[in-house]
Every structure is written in structure tokens, then in C-alpha cells.
């Protein structure tokens, strides 16, 4: 399968996971608990896969060797922790401001960050210059997202603090993708990268939730036994991290972001049509935004970013 299609599918997963985790947070009334449940379920799934997949264990051993040889630094391993913080922000903010505003802020943050992480070459796929064409592509994509939600913006949904937090969350996505790409370059196995992410992410969220319980009157809430789809965030996370870690080192973070933005917008249409929440509306602004996004992909010169080496799954 072409890697640009996988990047597009990753965007679908972003929108779906946000919807699922947001609903779980709303039902539990505690964003940290919801984030921990989501990450823990993903960790359980990837651990089960590891039992039957020898390649994952081989990938982890390659990672250990690379770390011992000094090819990786401690900060290369914080992608999972960043993912934990991202899910915590997502589960807390999304029920407050909605998917539309969350998409605007997070995509703006990740697109801008993508330019710089590509320039630094921390994806493992080499450095990529910040050209005028790439800057225009990023700017057009940001504008496209604003246009796509223009008829869904309401003053009561807006708050400078909330938008700032969402932009930070988007920046975390860009950095996390880059770090995962670097790790995947050494493991040669995307699910090994996923396992590392879920272990570190679950650990960080567990510590944060424990601190919250000890320093406040927060109490754990019993998990709902109906609507089991609310617990699929971990499964979606396993798939997303595997796709992103594999694809980003070949396409670069910016190109990957441009494709995933398109997938995210398309997914939002399907979610709004087939599983709408209150106040959703599929109109001309959203359709126009999707068209502008793919123009941004063309401006970004995606056709010149073809895969140079096959993806390896062992």
C-alpha cells in the first residue's frame, strides 16, 4: 500500500480516537482517568500481540543495542510520555470546546511544528529544508482548517487558554511523530515502537492520576458497562502509532501532516453524518476546507516525496 494512503488513514484514526476519548471523559467526569483507561487498553493489546509476534521482541533488542552504542539519547524515548500528555489534554478539552475547535488548534500546532522537526531531521529520514513552497503549503492547510469549521465557531466555545492548550497539543503531535520515526528507524518494527509508547505513556498517566488523587478530593469513577465502543481508543491508538511511526520517516512530518489533515477532515464528515453530536453540521465550509487541504498537499510537493525504501515489518 502507498504510504500516502496510510497517512490519510492515520488522519481518520485521529478524528475517531478524539471522538471516542472525549465521550469516555464525559461519562467518567475525569479526563486523566479516561486517558489512563485509553492508554492502558492499548498497552494490554500490544502486550498480547508481543507474545505471538517475535519481531516485536527483536525490535526492542535492536533498540537496546542502539541505546548502548550511543546512537539514541534519553530524549528519543519520550514520545510515549508526550502521547500520554496529548491524550490527557484531548480528553479534558474536547468535551468543553468540541471537535471543530480542537481540530483548528491542534492541526495549526502540528503543522507549524512539523516544519521545524523536518528541518532538524529528528524523524530519522534526514533533514528537509524549510522552503517557501512548504511554508505556503502549511499556511494553506491551516487556513483550510479554519474555513472548514467557520460555520461551527461560536463565541461561547472560545477561550484563549483552551485554544493555547490545544495548539500545544498539536505541537506535541508533531514532535511525537518525529521521535517515533527515529525510534522506528532502529527497531525496523512499528509495533515495537508502539509498545514503547504505551509503556511510557501509561506509566506517566498513572503517576499523574495518583498525584491528582493524593493532592485533591478526586475519586475514581466506576467504568460504564454499556457502550463498549468508548473503550476502543486504545485499539485506535495502537493502529495510529504503528502507521505514523512507519510512514513519517519516509514522507517527512510535514507531508505526513498534510495527508493526515485531509483524512481527519474527511473522517469528521462521516462522524457528523453517521454519528452526529448536538450542533454538528456538514456544509459548504467543511467541503471547501477539504478541497483547500488537498490543494495544500499539492503545493507541498507531495509527488516528489515518494518512498525510497520499502517499509520493513519483521
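Just so you know, the numbers here start at 1 and follow the chain as drawn.
Backbone N, Cα and C define each Cβ position, glycine as well.
Quick look at what TrEMBL annotates:
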- 32-52: transmembrane segment (TRANSMEM)
- 72-90: transmembrane segment (TRANSMEM)
- 96-117: transmembrane segment (TRANSMEM)
- 129-150: transmembrane segment (TRANSMEM)
- 156-175: transmembrane segment (TRANSMEM)
- 195-216: transmembrane segment (TRANSMEM)
- 228-248: transmembrane segment (TRANSMEM)
- 253-271: transmembrane segment (TRANSMEM)
- 283-304: transmembrane segment (TRANSMEM)
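Here the transmembrane segment (253-271) has long-range neighbours at 4, 7-16, 19, 99-100, 103, 107, 110-111, 113-115, 117-118, 123, 128, 134, 137-138, 141, 144-145, 148, 174, 177-178, 181, 244, 247, 282, 286, 289-290, 293-294, 296-297, 300, 302, 305, meaning same-chain residues at least 6 beyond its ends whose C-beta is under 8 angstroms from one of its own. Residues 17, 20-21, 24-25, 83-84, 87-88, 90-92, 191, 194-195, 198-199, 201-202, 205-206, 208-209, 212, 220-221, 223, 231, 233-235, 237-238 of the same chain, all 6+ positions outside the transmembrane segment (32-52), place their C-beta atoms under 8 angstroms from a C-beta of that stretch. Panel annotation: around the transmembrane segment (96-117), residues 15, 18-19, 22, 90, 123, 130, 134-135, 138, 141-142, 145-146, 148-149, 152-153, 157-159, 162-163, 165-175, 177-178, 252-254, 256-258, 261, 264-265, 268, 271, 277, 279 of the same chain, lying at least six beyond its termini, place a Cβ under 8 Å from a Cβ of the stretch.
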